[in-house]
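Annotated in TrEMBL:
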DOMAIN    7-427  domain 'Enolpyruvate transferase'
BINDING   Lys21, Gly94, Arg122, Gln167, Arg348, Arg393  phosphoenolpyruvate binding site
BINDING   Lys21, Ser22, Arg26, Ser165, Gln167, Asp317, Lys344  3-phosphoshikimate binding site
ACT_SITE  Asp317  active site, proton acceptor
Amino acid sequence: MRATSKPISRLDGALRAPGDKSCSHRALMFAGLAEGTSFIEGLLEGEDVKDTAKAMAACGADVERISLRRWKVTGVGAAGLKNPKNILDMGNSGTGARLMMGLVAGQKLKATFDGDVSLRSRPMGRVLDPLAEMGAKNESNGGKLPLTLEGAPLSAIEYTPPHASAQVKSCVMLAGLGAIGTTIVNEPRKTRDHTERMLRAFGVTVDVEEKDGGCRISLEGGQQLTATNVDIPGDPSSATFLWAAGLLVQEGSVSVLNVMENNTRDGLVHAAKAMGANLNVVKTGEAGGEVITTITSIPSSLNAATPELAIVPAMIDEFPLFGVLAAFADGDTLVTGAEELRVKESDRITATVNMLKANGVHAEERPDGFIVRGCGRGGVPGGGIVEACHDHRIAMSALVMGCAAKAPVSVDNVSAIATSYPDFFAHMQALGADIEQG
């Protein structure tokens, strides 16, 4: 389905951020792996998370939706999980697929994984390699889906991922729960730490040693998870689309409530402030072991600024939107150290550059990033049609750009948005955006 975002001058309002996608995946998996019944409040009900719920049910957990965003999961403990009878279709979710592989391997299950055309294109060797080193077996076509994974009695390893990836780290940690010995993951650069935080909430001892911008994470195999209730905080990645749109228009004020503040996820906030963005972040409480904030944005004139390498992992999902901010800034913005963007739902370096060029912005690819020549506030021509490439973040970034461009911006297919932010259109329109679908 196609959508077109038309220029507007004002956005106003306050909205609650949807539940965090990363935490929602983990809550379902850990609750299903635990002994006892867990209640999950605020679960993101996007297609990606629903696919994880189906996968856990297929492996023997009792997963039930009680009401809107409230779920009940009765785990059967490690000994109670079973081989799924059918293929585990993980849809568009790299997080769901890679973390489930760690769970399957660690619990000595056998499962076949598949996904949509986007997920089938993404490299799974980055998790299959350490799992094989631990003792799991797999059959795949060049390390991509569809593939079959068979767990076995695993041996703990000490592993250093070649690329900063929370998904790889989490996969190895989940496999380590079922391994003999202490599993250690060394991160040269710290990535999002929701797995470590939430495992502790389920009673698992996880040791983390931070050093020189990286981390050494270790856990002992054989630990049993205990059921607990989980309150999912608001997704900072989804919230960025709302407050970024508020920065780019000419008038108004946008507040996003219930936003998780985590230093492994707040890179775009820091990058936007470095560009001169008028952002106000206020702590309002805690949920699920995370700090909760309200973020308010005021229309701002932006100046080009290159993100520091240290914050790249903390904004890895936000670079398409950062490209949009750079397009409305004065000056040239350079992104480096972000080669991981090449293997997301799309090649996000190519897709971001093409999105900008289609709307009159000068942008160039680099092997590990891109350059954007800013058009200044209100200066983006617009008028283009963006290929979403089955990527929800490209689609939403383009529609945000259309709010402040000189001419409407269209996206060829916005169906992927439902994977992570099913309320995106309703939320944008509630603020005053003029977005037509169909």
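Every residue gets a Cβ built from N, Cα and C, even glycine.
Within 10 Å of Lys344 (3-phosphoshikimate binding site), counting C-alpha to C-alpha distances, fall the following of the binding-site residues Lys21, Arg122, Gln167: Arg122. Nearest neighbour of Ser165 (3-phosphoshikimate binding site) by Cα distance, taken over the binding-site residues Lys21, Gly94, Arg122, Arg348, Arg393: Gly94. Counting only residues at least six positions away in the same chain, the Cβ atoms of Phe319, Pro320, Leu341, Arg342, Asp391, Arg393, Ile394 sit under 8 Å from the Cβ of Arg348 (phosphoenolpyruvate binding site).
Confidence for the domain 'Enolpyruvate transferase' (7-427), expressed as mean pLDDT, is 96. Cα of Asp317 (3-phosphoshikimate binding site) to Cα of Arg122 (phosphoenolpyruvate binding site): a distance of 15 Å. Between the two most distant C-alpha atoms of the annotated phosphoenolpyruvate binders (Lys21, Gly94, Arg122, Gln167, Arg348, Arg393) there are 19 Å. Of the recorded residues, Gln167 (phosphoenolpyruvate binding site) and Ser22 (3-phosphoshikimate binding site) place their C-alpha atoms 10 Å from one another. In the three-state DSSP scheme, Arg26 (3-phosphoshikimate binding site) is classed as helix. Cα separation, Arg26 (3-phosphoshikimate binding site) to Gly94 (phosphoenolpyruvate binding site), rounded: 13 Å.
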